[in-house]
Amino acid sequence: MAKVWQHPFLNVFKHFKVEEWKRSTKEGDVTTVTDKTLKGTVYRISGSVPASNYLQLPKTSTQSLGLTGCYLYILFKPMPTKYFVVHLDVATEDSQVVRISFSNLFKEFKSTATWLQFPFICGAARGSVYENTVKAAKRDLVGLAPTNVRWTFLTFDLRHVLSLYLNRSYSHLKSVRLCSNLLVKNLFTSNLLFDPGVTFSEVQQSKQTLQGVAPIPREMAFPMPKGENWHDLYDYIRFPSDGSKMPFDSIQKGTLNPAADVHSLDGPVSHLPKQVTLSKPVRDRVSLIQQITSPKEMPRQSPLLTKSIPRVKLAASEPLRESNQSGWREGLRSGGDSCLPLSSLDDGGIHVYAHKNRDVTVHEVRIDSDENMSAKVPGPKVITRNSTRCTRLLPDPILKLKRIIGFGGCSTRWALWAAHGTVVVYPCHALIVAVALDSGTQWFFAGHTDKVAALAFNGNSTLLASAQIGHLSMMRLWDFTTTKCLSMFKTGMHSVSCLSFSYNGNILCGTGTDGHGKTVVVVWNTAQASRGGEVELLAKAHTDVDIQTLKIAFFDDTRMVSCGRENVRLWRVRSGALRSCPVNLGEYRSLEFTDLDFEAGHSTERELEDRTLFVCSRSGHVLEIDYKNVTVRNARRLLPSEVQHSHRREKQTFNSGPGIALNGICLSSSFCATASEDGYLRLWPLDFSEVFLEAEHHNPVTSVSIDPDNLKVLCTTAAGNVGFLDIQSRDYSTVMRSHTDSVLAFSVEGLQKQLVTVSQDNTIRIWNLESMQQLYEFTASDEVPCAVAFHPSQPIFACGFETGVVRTISLAASKLLEEHKQHRGLITGLTFSPNGSFMYSSCSHGTLALYNCTMQKSHILRVLANVVSQDADHGPDALSVSANGHLLAFVGPSKYVVTLMDAYSLDELLRIDVSILDLESTALDMAVKLQFAPSSPGHLLVTTSSHKLLVLDAKSGRLIRAVSQVHKHSCSSLALSLDSCYLLTAGDRVIKVWDYGMRFDVNFQVFIGHSELVRQVGFTPDRRQVISVGDAIFLWDFQGVFAEEPSEDEIHFSLVEASGSPEVEASTEEVQDLTPEANDTPRELVPLPTAISPPCLDLSSIQQMVHQSTFSESEEEEDACLKKNITAVNGTKTTSLLPVEEAMQSEEPTAATPVVIQPGSRPCSHAGDECKKETKRLEPQNHTRPDCYRHFAPRFKTSVPSSQVLSLPLADAEGLKLKAVIGYNGNGRGNMVWNPDTGLFAYSCGCVVIVEDLHSGSQQHWLGHPEEISTLAVSHDAQVVASASGCGHRDSRCQIRIWNVKARTCQKVLFHHETQVQAMAYSRDDRLLVTLGDYVDRVIALWNTHTYELMSSTRFSDPVHEVAFSPLQVGHLACVGRGTVTFWLTELQGTDISLKVHRVPAPDAIGPVELTSLCYGASCLLYTGTSTGQICAWDTETSRCFMTWEADGGEIGILQCHGDRLVSGSNTKRIRLWSVVAVHELRVRGSSASSSSVLLEQEMTLDGTVVSATFDDCMDMGIVGTTAGTLWYINWMENTSIRLISGHKNKVSEVAFSPDESHCATCGEDGSVRVWSLASMELVVQFQVLNQSCLCLAWSPVPGSLSGPKGQHVVAGYSDGTLRVFSISRTEMELKMHPHSAAVTALSYSADGEIILSGDKDGLVAVSSPRTGMTVRVLSEHRSSPINVLDGTKKQVKRHPAWHEGSCGSFSPSVHGWDAELGVEGSDLWLAVSADRRVSIWVSDWMKDKCELLDWLSFPAPAGPEVPQPLPPSLAAFCPWDKSTVVYSGFGLQKEILFYSLLQKQVIDKIPLPYFATSLSLSPAACIIAVGFSERVLRLIDCTAKTRQDHLGHDDAVCLCRFTLSGNRLFTTSYNEILVWEVPNRC
């Protein structure tokens, strides 16, 4: 009814009787005058100060006009040469009051969350000089009104303004204030749009009222002489305008005809272009920018001009998210009309010119300010038949605040009970948070624009009062049950420190300070607030005393008490005055009192005022004050306990001494609670005789409150914690734990769903993303963390500090892993590459660092100085890495330039100068933030200092598009969703969510809540939530729908058929033709969608059939399904391919019965070949790795396989024979098989399948895989083994090899899966093989094992973790995934197969978990493991879960079951044996079963996460593999575990051999030194150094005096610069030396073993004695370049017999003595090689302390762009068959091996190589050289026969080659695998 009386319009001045000044007010010079133009009385408001001269409606600010009309009409005239101001207070539907102001005093538009300021440009008489000037330059005329200013009819659309600029809904007009200097006739409100230039006759003729326009009523009309035009005499302004948008969002006169926006013309009007003369500097700048921004020129046809065109009708639009998401619409231009080229199939270059007609205009959004501006911005657009029109971004709102981590902001005193002790309410900066204690659910009270300073509840907690800080401190009253703001009013104080409500809620009092710092006490009447009335001021008083707490007496609303420094006062309101009297404190008057409370309860025998008041102080005193007599009745002092024992505390006493500083006190009827500075919450009896309960905190307790039931005590601490103590259970619960200062940055980890934040309070905190509970806290006492980043796949995060230190921390071990100190300034950027192999950091001094993170401990690769902009404002996300990990972008070296680098090497690729991209700007633009688009790696988003957002081409630097005024101030953070559908920006304390496609009239939504700058914003990995940090941590639920997002239960089938229809093939070719090329040329035609996608099968509604089996189906339904889904093509039945649009848009419900799928009658002709008729759905997939370790993740490799033709040996040729492989690939999943009946035992290491005899230890090796093997499977008869690996460099699909065990050959190679195969299994009858792709591939394939032809292929929408066939039922299999089990039934019908699928969700009892493993049990049982450590038992007949139990503390990845015993393995390193006898009985008998529990029989803890396991049928023994690279033999009967296979977990650094060749030693980056027996290749002993990497190794030559094993020692060099000497016989470390400050990279013994030579990373060579441990000499000739090789030999000639025959030509040594030839004396000859291609050769006699440089070699490197990264190592060694010759290979002008003669001082021979060598070894027994390459090839070169052989078998770079001393064996390493080769003896 409130709106009816205001219709059709309301005369405001008349209704409120302004002339009487009863419901309105005036201030200053406000008079009535007669205006000659209007011929009537108007109000003149004049005066030099607008704030002191005004007319206001209503009379007071606490009242409201309540005018609901959305249009406000103001009839006014600015005074000439004067300024004026108008203020409009508007209420929104959420009770927020927004002030809208406009004035010609404002120079530009400004906005906050509650205030909008618009500049007003005054109009002038038509034809005047001023008006002509306005037309030419509107930009500079904001200012004084002109002398001939006219009367103005202003139409102000209040609803549109609020929606457009603040995204709020209009409720009513609250107040109006018209300030000097202006003349005003009247104000009107209405819901109708009136046009003063339209008459009634015109409306009747054109029927314009149907279009929303009506003529003005008589009361609103201006006088009009006959024959005159209204617009010639007056100004009409409509704001916001429907026409072109005015500059600066100003209010000014638009087009000459105000109705032009609604009067549509039938035909377009063509405007000819105008020629403009530009100066030469402008032309040069325009030319430069055109070169940067213009696309490549394409030939085009001349446009066909036409005078008239038919009206364009738009076809039905396609679904919202099927529109193009690749980028934004281009062409944001200003101007009049627009040329719209219609793109269609028959568009012959005809350009259609469309006028601004509502039927054909395509609206574009132009962002010119911080508001939603829906202006028609014409420009070139492409209109297709799939064009979509939508007015705004939906859903609205797209964000919903879910949870806030934060407390306080202004004060930590305020936390209140509500809802009878079940809810806690506390402030969090500008918001008020309410938390339900039982569920943890939060809800919020939003509306304050600054931090909340105080809270207060009435007695029954229904009315909440809150006050905020600031100069204009505002108070709000809330209805707590509805969270609705009832009233908002000014406090009249500068700041509020305390509030108190009366019990009935009628009186509210508060205290604070005024602008002069004087204490103020104010009392308000709030009785009418809950009824819609206003709050009235009752009394106000100033006082000189300090007040810290003020409370209203619960027994009398007019009485208050306060306490503060040196005073306790009683207050009373009487006759509108507030008076007080002090309490005589006597000797306690000097105390500082902090809090007070009245005694609880009352006796009827006592008077109402006979109350006791308790007051506490910082000295520990508690005073009992007689309220009636205003005297101190009793005084007690609480003292700390006297500690008599270290483990026991005595009770508190009241003796003299330092007291307990009390911050708060609260009383109940039976006890008292105190909050103290020492961190204790204490509960006392009312006589304070002793403490009966206390809770200790690490920080001072600031407040305390007892709940109404006296069962719980709430407290707050100065550290930002809120908690409560349950008195009955004596349990303490934390409600909120938060940072105490601003949060600077955050990072999200997707696997464990963890959030890490860093804050100015010097803490790093880890939170659970689901519960938002704090998990860890790290404190840096003297440093502020400022940047943080989670590792993508490991439980590791990196943190950067203001001191420049970067630290990596392991969450699993809760320890510091590495500390980097390359930076000297504040860390501004810190990020990992997408695969986690590299880490990048930058600092405010301009330094950029690259780290290698392939190992858990990162190490520095490259540091560049002065490349990043030296501005801390770019943090914490100054660096951005492209989604593919190839590019790194940052702002630098100056703030005007954006630089792109190669992310692997930090080589600069491109610089983009953003300062020249804006022609109109008078200042140079600076880059602020940047971000790569995740789904478009070629797009780089950059925000600038001019508040623009630029989209740049990362390849060419070309400007693709730009958006202006993204935020009012600088954008502090931006983030894109993974599919680039949505964009988040933060700035001005607000968050904006944008439609990245920019397809709507309103393309973003604004969200407020932060009271400080938003430091960072981003999506969570699952895209379901948004996180923003600043003053607190905000977690928002994201309501948006992502592009092509499949439903949870949706599964897509890719069906393989014998032959497809020609139509399908043609469609496939068409798609290939329409694929855009990799260039910048725009496509001439828009590609149309094609109907080639496979049918979509929704399994969510498949239900169990009554009285039938799970998969049963009637024949009629089956036939109907087949008829519907199968069509005949060329006489062959094939599955029809339905368009995906029909499948997605169909509103018909999916059938509730299972669907039979028949892929076709004839399968593909070639086994394993990709079927050409198979189609996939063309949609973006979410490739986020699931929270499950079951998925295989191949190790990151920088090497690529060889692409050249290799010289592979023939089958019968004599060459290297692979004898043994040391290691097990712990990175695989299920990559070990064992058949106890036949003894077959196979496992994988790298790309080799190893079949080992467990009795003899002999090995067979199956080679052929190009990449790391992920999984294995064995048939039930153990005659066939299947192995799977990744794609080769020439293959687009993964490789599955089928091996014949007896023949030891590969019989088939299958290709189908696109990424990795993570599981395989054979059916019970071995007729089928099922293969499962990883979380990216999501495909399950079924193969016929007789022909190995693909029979069925199914793609899932969610990752599937494991699959298994039933061992009891033929054709039954199951797979598990995200919260579901999918049961399959396969039926073979000749060469065809039919599938029936049934999907069952996991029980609600286990929660939203991943089902990670499964195995079939006895009878009809299926066991599944979960990611949370539970095992579920399923009945496969009914497809239901009937039992679960907690089996482990971590994720269960392995399940094996036989009979009544079940084995589980998890990521907690435990393997457990369960007795599951009761499970079968429980399934059959239900609740009547005798037992319903399982029994844990045994448990073992291994050395890593369990990834593979196989047990015998009795489950007594088995073999288990772990991620540590170990295979264990498990015997449950003997409770023993024996290590069968063991290898290095990380990269192998060196191999060394004992002099007698009985043993060899290896070392690795895992810090271990391992000694192996060469005869059996078994591990003998292992030396482990924790937290260090062992980088080099050497075995000592045995001196003649020491024979046997006693003299055998191994020296190892470590990353900390130490050398450790280990005794092999005693298996202990004998000596530790520290000759280096950097990592030791090379080692060598002298010939006699008395000297150790060591080289380090800094290029220093140390000479040390292993006897004394002393370093006798340091050589620095190779300083600044790491030492790669140290090699030594005896200076003697021992020629090989082959040399006597002269077969090696130029290698013949000299017959003269070396001393005479070389000119130096010495017994030892040794060399050192550094990474800068320099070789030094030395002669030494260590007994005589002589060491002289013999020769110095330096090899040049090519200077060109083709420099490999990383650089190949420099390698050198003495030639064993001619020790006067040095053999060298390294990065140089040619790929070759050089032979340098020390006697001839020249290169005497060269051997060409196909690649640069990464390893080199020369045989001591024959003229053979072994060379390893980064291309995974090992080459054996016979120098005598001049032949070469290439060998494969490595899955990474061959980083090490070592011949044994006899030359009979060759050891090669590739990362952590060691291959042992037998060398033929031919020389």
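Each Cβ is built from the backbone N, Cα and C atoms, and glycine gets one as well.
Whatever TrEMBL says is automated annotation, not expert-curated.
Here TrEMBL flags 3-121 as domain 'CFA20'.
Taken from TrEMBL, the feature domain 'WDR90/POC16 second beta-propeller' covers 747-1037. For the domain 'WDR90/POC16 second beta-propeller' (747-1037), the mean pLDDT of the prediction comes to 88.
Under the heading domain 'EML-like first beta-propeller', TrEMBL lists 1258-1476.
For 1547-1880, the entry in TrEMBL reads domain 'WDR90 4th beta-propeller'.
Beyond the repeat 'WD' (736-777), the same-chain residues lying 6 or more positions past its ends with a Cβ under 8 Å from any Cβ of the stretch are 403, 405-408, 426, 428, 433, 435, 440, 718-722, 783-791, 793, 795, 797, 799, 809, 811, 814, 875-877, 1012, 1015-1016, 1018, 1020-1022, 1025, 1027, 1029-1033, 1035, 1184-1187. The repeat 'WD' annotation in TrEMBL covers 736-777 (among others).
Summarising the annotation, TrEMBL assigns repeat 'WD' to 1541-1582 (among others). Residue counts for the repeat 'WD' (1541-1582) under DSSP, split into helix (H, G, I), strand (E, B) and coil, are 0 helix, 24 strand, 18 coil.
For 1633-1674 (among others), the entry in TrEMBL reads repeat 'WD'. Taking H, G and I as helix, E and B as strand and the rest as coil, DSSP gives the repeat 'WD' (1633-1674) the counts 0 helix, 20 strand, 22 coil.
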Per-state residue totals over the domain 'CFA20' (3-121) - DSSP helix, strand, coil:
10 helix, 56 strand, 53 coil
DSSP helix/strand/coil residue counts for the repeat 'WD' (736-777)
0 helix, 25 strand, 17 coil
